[in-house]
Amino acid sequence: MNPNQKIITIGSICMVVGIISLILQIGNIISIWISHSIQTGSQNHTGICNQNIITYKNSTWVNQTYVNISNTNVVAGQDTTSVILTGNSSLCPIRGWAIYSKDNSIRIGSKGDVFVIREPFISCSHLECRTFFLTQGALLNDRHSNGTVKDRSPYRALMSCPVGEAPSPYNSRFESVAWSASACHDGMGWLTIGISGPDNGAVAVLKYNGIITETIKSWRKKILRTQESECACVNGSCFTIMTDGPSNGLASYKIFKIEKGKVTKSIELNAPNSHYEECSCYPDTGKVMCVCRDNWHGSNRPWVSFDQNLDYQIGYICSGVFGDNPRPKDGTGSCGPVYVDGANGVKGFSYRYGNGVWIGRTKSNSSRHGFEMIWDPNGWTETDSKFSVRQDVVAMTDWSGYSGSFVQHPELTGLDCMRPCFWVELIRGRPKENTIWTSGSSISFCGVNSDTVDWSWPDGAELPFTIDK
């Protein structure tokens, strides 16, 4: 092979190698592009699947469930058809109260991230029950818990978590900025009512499914406040009671009818000798019954019952088994205020059954200790102090606090009646204990027509905490 042939041969081989290398590079680029496209398409497809979108001819809503995984909120979509909670059923017949939940939040909060709270309450949709609570913008066993005995501050917020769980930043969802609040579900969405602002000009912010729908301004400029428990929904309308005015004298009390977050009607009660605060309300056969706190001059509890047009009746529980705290020893009651030890009070509740009444109350007459349920078969209309059932749920030696009612609709339970339930706040810390903070845990019970038991389900936390020493 002469030199020219060698040059041509070597050149040809180099050209072939170069072409092959170019083809390989192009193939590599195409392969990377295809791989990227497949991954992107797969991620998009997975996202669509996780949303689990189903199209119905009727309306649907998305219930967001927060799952605590490595301190990360993961939202799992769950589509469900909406219903209307009619509230037309009567209360279920019951023989006693079965323990439903206990969150142990103070015990857990000694070592875990748990909110400093007060005023917890429970409300149920047709799918779930949630614990609502007013945080102090602080965690237990942390320096910002100092001074949280104060009721009203710009740091307080209404939040909620699954019932029975300790309220923490990892399982709770924000509802509203508030130092007084209420919430309820009409079958289609959550209504929340959060009151915040200065004492002489507070505003209630109404939200429906998380969106602001209306506001209500303080009309007496004297600490506008609401229930600190669930509102009541009947046939798509929800009802709440607000108070504005003195806590130790005649104030102004209004009932609000709300549809999808918008006030459609309101009325002021004509109750010149009554005092209504922190009402515990529930639906019963298409009407709403509220049992409230008289902080002015009554040691028995005032009530107001109204229909969907806000036509109302008022009175006091007549029984000589008194339900407020402080209160005198049981004796002769009154269908008006019982003035003995009538000043001050505590949020509470009762359930009416015809002429009879289940009364929830602290075991102590003078302090927020213990809790018991009493069945007075004639207590709604008669003034004697005879009762036939007493069930203890918190011992006299253990702390209690606020209490309130909530119901489970037939759409949730599958029963043909409205199940009555109640919760009890177990307050710990200041002003009675040597801590820098005030907070509470909660327990709840539901009525059953079967066997129950007397016991004590106390808070159980050992104080003081590290931050208090």
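Backbone N, Cα and C atoms are what each Cβ position is placed from, and that goes for glycine too.
Fair warning: this is a prediction, and the values are worked out from it, not measured in the lab.
Positions annotated as transmembrane segment by Swiss-Prot: 7-27.
As annotated by Swiss-Prot, N-linked glycosylation site applies to ASN44 (among others).
According to Swiss-Prot, the N-linked glycosylation site annotation covers ASN58 (among others), on the basis of sequence analysis.
The N-linked glycosylation site annotation in Swiss-Prot covers ASN63 (among others) and rests on sequence analysis.
Residues or ranges marked as N-linked glycosylation site by Swiss-Prot on the basis of sequence analysis: ASN68 (among others).
ASN88 (N-linked glycosylation site) carries neither a helix nor a strand DSSP state and counts as coil. For ASN88 (N-linked glycosylation site), applying a Cβ distance below 8 Å and a minimum sequence separation of six or more within one chain yields VAL234, ASN235, THR285, GLY286. Look at Swiss-Prot and you will find ASN88 (among others) tagged as N-linked glycosylation site.
As annotated by Swiss-Prot, disulfide bond applies to CYS92-CYS417 (among others). A 10 Å cutoff on Cβ-Cβ distances gives CYS417 (disulfide bond) a total of 18 other Cβ atoms nearby, all chains included.
Residues annotated as disulfide bond in Swiss-Prot: CYS124-CYS129 (among others). Around CYS124 (disulfide bond), a 10 Å sphere centred on its CB holds 22 further CB atoms from the protein chains shown.
Within its own chain, ASN146 (N-linked glycosylation site) has ILE436, TRP437 as residues 6 or more apart in sequence whose C-beta sits under 8 angstroms from its own. Under DSSP, ASN146 (N-linked glycosylation site) is assigned to coil, being neither helix nor strand in the three-state scheme. Positions annotated as N-linked glycosylation site by Swiss-Prot: ASN146 (among others).
Per Swiss-Prot, the feature active site, proton donor/acceptor maps to ASP151. ASP151 (active site, proton donor/acceptor): 15 other CB atoms within 10 A of its CB, across all protein chains. According to DSSP, ASP151 (active site, proton donor/acceptor) is assigned to coil rather than to any helix or strand.
According to DSSP, CYS231 (disulfide bond) sits in a coil region rather than a helix or strand. Cβ neighbours within 10 Å of CYS231 (disulfide bond), excluding its own Cβ and spanning all shown chains: 26. Taken from Swiss-Prot, the feature disulfide bond applies to CYS184-CYS231 (among others).
Taken residue by residue with DSSP, CYS238 (disulfide bond) is part of a strand. Taken from Swiss-Prot, the feature disulfide bond covers CYS233-CYS238 (among others), and the record attributes it to sequence analysis.
Summarising the environment of ASN235 (N-linked glycosylation site), the number of other Cβ atoms within 10 Å of its Cβ, over all protein chains shown, is 15. For ASN235 (among others), the entry in Swiss-Prot reads N-linked glycosylation site, with the evidence type sequence analysis.
Annotated disulfide bond per Swiss-Prot: CYS279-CYS292 (among others), in sequence order, evidence recorded as sequence analysis. Of all the Cβ atoms in the protein chains shown, 30 others lie within 10 Å of the Cβ of CYS292 (disulfide bond).
For CYS290 (disulfide bond), the number of other Cβ atoms no farther than 10 Å from its own Cβ, over all displayed protein chains, is 27. Sequence annotations record features per position, and here Swiss-Prot assigns disulfide bond to CYS281-CYS290 (among others).
Under a cutoff of 8 A between CB atoms, and with a sequence separation of 6+ in the same chain, the neighbours of CYS318 (disulfide bond) are ASN300, GLY333, SER334, CYS335, GLY379, TRP380, THR381, GLU382, THR383. Sequence annotations record features per position, and here Swiss-Prot assigns disulfide bond to CYS318-CYS335 (among others) based on sequence analysis.
For CYS446 (disulfide bond), the Cβ neighbour count at a 10 Å cut-off comes to 20, with all displayed protein chains included. Using CA atoms as reference points, the recorded positions ASP151, CYS184, CYS446 were checked against CYS238 (disulfide bond), and the closest is CYS184.
Taking the disulfide-bonded residues CYS92, CYS238, CYS279, CYS335, CYS421 in turn, the residue surrounded by the fewest other Cβ atoms inside 10 Å of its Cβ turns out to be CYS335.
Nearest in space to TYR402 (active site, nucleophile), taking C-alpha to C-alpha distance over the recorded positions CYS129, ASN365, CYS417, is ASN365. Neighbour density at the Cβ, taken as the number of other Cβ atoms within 10 Å, is lowest among the disulfide-bonded residues CYS129, CYS184, CYS233, CYS281 for CYS129. The two recorded residues CYS233 (disulfide bond) and CYS129 (disulfide bond) have their Cα atoms spaced 15 Å from each other.
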